[in-house]
Amino acid sequence: MSEAAQTLDGWYCLHDFRTIDWSAWKTLPNEEREAAISEFLALVDQWETTESEKQGSHAVYTIVGQKADILFMILRPTLDELHEIETALNKTKLADYLLPAYSYVSVVELSNYLASGSEDPYQIPEVRRRLYPILPKTNYICFYPMDKRRQGNDNWYMLSMEQRRELMRAHGMTGRKYAGKVTQIITGSVGLDDFEWGVTLFSDDALQFKKLVYEMRFDEVSARFGEFGSFFVGTRLSVEKVPSFFHV
């Protein structure tokens with residue numbers, strides 16, 4: 001039987017995609033819209049405080065295309081905290097006009113495919129930085145879920161640990177070419193959501209998403225074993241831009 005990869009697990013992650021009921025939003029009196037925006041910004045301010053204390057992180061992006069209008073990406077130490085944040089958002093006045101589009105629940109993950117020493121990895125600063133990341137404030141985001149194929153001779157889970165390690169090492173070398181251009185956060189979701197992993201990419205140049213994903217398609221681990229869900233691409237919605245975004 002093949003050996004399962006051991007994982008290092010960090011913060012829990014929620015990707016919460018919503019569409020905006022603009023028609024209903026436009027019917028609200030201006031004063032009520034402003035009050036709803038102020039209430040939402042107060043909630044975001046709480047998220048900012050948590051992030052400054054390094055007890056979690058968040059990102060808010062508007063989504064390009066028809067799959068969704070807005071994304072709230074939240075990182076927290078526990079699943080319960082994610083649920084509390086989702087509930088708090090749903091209780092706001094603004095949420096009356098935010099319709100569920102898609103969501104993804106996962107946990108920040110590092111695997112043991114790369115060789116490690118005897119030191120406790122959770123005490124290594126670089127490992128901790130990757131397991132408990134402060135999300136980049138880049139102009140653009142790209143998210144997609146993915147699986148490893150389990151069909152015939154292309155069954156990832158029947159490969160030996162050494163075979164999988166070698167394939168992942170080559171895959172990682174491709175990713176390193178984009179260091180400084182793209183920041184990647186991998187979250188594991190086996191038993192938590194419909195796919196096995198979520199991939200979130202951050203960059204100030206959206207074209208780098210296309211270049212990176214395309215080049216990786218030629219890696220054997222992706223060409224033979226990668227299966228992908230829908231891609232979501234968006235632009236950053238800073239606190240300063242929230243009032244103008246919701247202005248009608």
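Using the three backbone atoms N, Cα and C, a Cβ is placed for every residue, glycine included.
Here is what Swiss-Prot records for this protein:
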type: ACT_SITE; residues: Tyr144; note: active site
type: BINDING; residues: Arg130, Tyr144, Pro145, Met146, Asp147, Lys148, His171, Gln184, Ser222; note: Fe-coproporphyrin III binding site
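Annotated features taken from Swiss-Prot, shown on the structure.
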residue: Arg130; record: Fe-coproporphyrin III binding site; contacts (Cβ under 8 Å, 6+ apart): Gly10, Val108, Leu110
residue: Tyr144; record: active site; contacts (Cβ under 8 Å, 6+ apart): Gly198, Val199, Phe228, Gly229, Ser230, Phe231, Phe232
residue: Pro145; record: Fe-coproporphyrin III binding site; contacts (Cβ under 8 Å, 6+ apart): Tyr104, Ser189, Asp193, Asp194, Phe195, Glu196, Trp197, Gly198, Val199, Phe228, Gly229, Ser230
residue: Asp147; record: Fe-coproporphyrin III binding site; contacts (Cβ under 8 Å, 6+ apart): Phe195, Glu196, Trp197, Gly226, Glu227, Phe228
residue: His171; record: Fe-coproporphyrin III binding site; contacts (Cβ under 8 Å, 6+ apart): Met216, Asp219, Val221, Ser222
> Quick one: largest C-alpha distance among Arg130, Tyr144, Pro145, Met146, Asp147, Lys148, His171, Gln184, Ser222, binding Fe-coproporphyrin III per the record, in angstrom?
Replying inline: 23
> Three states by DSSP: which one describes Arg130 (Fe-coproporphyrin III binding site)?
Replying inline: helix
> How many other Cβ atoms sit within 10 Å of the Cβ of Ser222 (Fe-coproporphyrin III binding site)?
Replying inline: 19
